[in-house]
Amino acid sequence: MASAAVANYEEEIVRPVADFSPSLWGDQFLSFSIKNQVAEKYAKEIEALKEQTRNMLLATGMKLADTLNLIDTIERLGISYHFEKEIDDILDQIYNQNSNCNDLCTSALQFRLLRQHGFNISPEIFSKFQDENGKFKESLASDVLGLLNLYEASHVRTHADDILEDALAFSTIHLESAAPHLKSPLREQVTHALEQCLHKGVPRVETRFFISSIYDKEQSKNNVLLRFAKLDFNLLQMLHKQELAQVSRWWKDLDFVTTLPYARDRVVECYFWALGVYFEPQYSQARVMLVKTISMISIVDDTFDAYGTVKELEAYTDAIQRWDINEIDRLPDYMKISYKAILDLYKDYEKELSSAGRSHIVCHAIERMKEVVRNYNVESTWFIEGYTPPVSEYLSNALATTTYYYLATTSYLGMKSATEQDFEWLSKNPKILEASVIICRVIDDTATYEVEKSRGQIATGIECCMRDYGISTKEAMAKFQNMAETAWKDINEGLLRPTPVSTEFLTPILNLARIVEVTYIHNLDGYTHPEKVLKPHIINLLVDSIKI
């Protein structure tokens, strides 16, 4: 929300500038070049390991439990993108055969994997583990692996899966009790899962943790899969570091740190977000476009949130709506800098996509950006007027200011297979997108409430909720948490087949929700204060390679 201007514009303008910390990274990521000999060596060995892994997947006569565990391991190791068709075919066969199993571990794993791949397997698979009163049998308390898989499965639940509400409560209680007494690496796996469930985690973060902290220490590990995963992670990391260097140079050339010192300098954290949306090599162009967009809208956000005056922000909003470089003279000098940079960026996007005949799709992202800025301006007006809207009015405006409609649309720009129809579907705010946006809004609002309150912002989500319902801060936060849980069920339903667009275009929407869960974990604002949350993830993904 925007900061207030003074009533009399003839007087010196007082700007209640937020005291954002500088970047943690300096010029650390400014230069990186892939060592071609190393990359070629890795790629050659990966091809051989890929063939061995494919043979494992396609081997006949495997038990159901072994097949499911192999798929789960491949996915957790971050190498499943090499075998999407093979894995989908195997799971399709398992689903259509209505394969059944009697142990909790296999049943729960089967349920989660099928649901995550869009197969609407019935939760009745768990009824055999309940007693005559409909409660999970206490005899399961000693089956830690079974409980762990049940816990992970409970997070893919939809609105109709009441049994999984019980599963979550039951597995959580018993895992918390068992964790201190477990041997390594199972202890670390259980502790980590209770902190961050797999389904809501950022895929690359979860992969790095699983490779280094779990699978590498397992006695029963498959060394082919482990080496494949390590080589593949390091090879991809080279590409990611090269992209980050490219983006860092672009950011340094813009020199916003000097010219717009009121704004957060978070280009590395923005790259982490883009990497969270998609990490695979085929999305390199998409990642670079997305990180530039996130970095730029962050500057605009801080302009509204922590610097601009009412008149300035109205002029800026109007200029963005007109989207015309000739409007620049109507803006104060500091706003001209970001305005020109934004228009230049979208010209670059159009030029970049023109070679593939796709420059026309850029207009979808531009329209979403205009929407964000209009809604930023509404929030700034509320702040000036001291207006606390009803929750419904607040959310109708604040969902767009999450930027998630905008970022989801932008995430499609560099995806070469995205068609006009995919953008049209997204423009109608389908339920799965709406759910991802709601998750971002309520989690962000909960994490940033105290800071915003201290800055005098009264039209916050939590404040609106408290006033609307006559409830306490704690109760309002619980209400927002319930909204997030409901939205996760909507996302999980939206992933089930048949889907209106391919899974490729649903995954970025899912991953945007995952990113906000990770960034704001424990009600911490990991974007504004990355040292609290994101720094160790960035080091693991973009600084330290995995020892081979």
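Using the three backbone atoms N, Cα and C, a Cβ is placed for every residue, glycine included.
If you look up Swiss-Prot, you'll see Arg264, Asp301, Asp305, Arg441, Asp444 marked as (2E,6E)-farnesyl diphosphate binding site. According to Swiss-Prot, the Mg(2+) 1 binding site annotation covers Asp301, Asp305, on the basis of experimental evidence. Taken from Swiss-Prot, the feature Mg(2+) 2 binding site applies to Asp301, Asp305. Per Swiss-Prot, the feature motif 'DDXXD motif' maps to 301-305. According to Swiss-Prot, the Mg(2+) 3 binding site annotation covers Asp444, Asp445, Thr448, Glu452, on the basis of experimental evidence.
Swiss-Prot feature annotations superimposed on the structure.
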{"residue": "Arg264", "record": "(2E,6E)-farnesyl diphosphate binding site", "CB count, 10 Å": "24"}
{"residue": "Asp301", "record": "(2E,6E)-farnesyl diphosphate binding site", "CB count, 10 Å": "19"}
{"residue": "Asp305", "record": "(2E,6E)-farnesyl diphosphate binding site", "CB count, 10 Å": "24"}
{"residue": "Arg441", "record": "(2E,6E)-farnesyl diphosphate binding site", "CB count, 10 Å": "24"}
{"residue": "Asp444", "record": "(2E,6E)-farnesyl diphosphate binding site", "CB count, 10 Å": "21"}
{"residue": "Asp445", "record": "Mg(2+) 3 binding site", "CB count, 10 Å": "25"}
{"residue": "Thr448", "record": "Mg(2+) 3 binding site", "CB count, 10 Å": "21"}
{"residue": "Glu452", "record": "Mg(2+) 3 binding site", "CB count, 10 Å": "18"}
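Sitting within 8 Å of the Cβ centre of Asp444, Asp445, Thr448, Glu452, and not among those site residues for Mg(2+) 3, are the Cβ atoms of Thr446, Ala447, Tyr449, Val451, Thr460, Gly461, Ile462, Asp525.
Rounded to the nearest whole angstrom, the C-alpha distance between Thr448 (Mg(2+) 3 binding site) and Arg264 ((2E,6E)-farnesyl diphosphate binding site) is 15. For Arg264 ((2E,6E)-farnesyl diphosphate binding site) paired with Glu452 (Mg(2+) 3 binding site), the C-alpha to C-alpha distance reads 16 Å. According to DSSP, Arg441 ((2E,6E)-farnesyl diphosphate binding site) sits within a helical segment. Model confidence over the motif 'DDXXD motif' (301-305) stands at 96, taken as the mean pLDDT rounded to a whole number. In the three-state DSSP classification, Asp305 ((2E,6E)-farnesyl diphosphate binding site) falls within a helix. DSSP gives Arg264 ((2E,6E)-farnesyl diphosphate binding site) a coil state; it is part of no helix or strand.
With respect to their backbone Cα atoms, Glu452 (Mg(2+) 3 binding site) and Asp305 ((2E,6E)-farnesyl diphosphate binding site) stand 10 Å from each other. For the pair formed by Asp445 (Mg(2+) 3 binding site) and Asp301 ((2E,6E)-farnesyl diphosphate binding site), distance between Cα atoms is given as 15 Å, rounded to the nearest Å.
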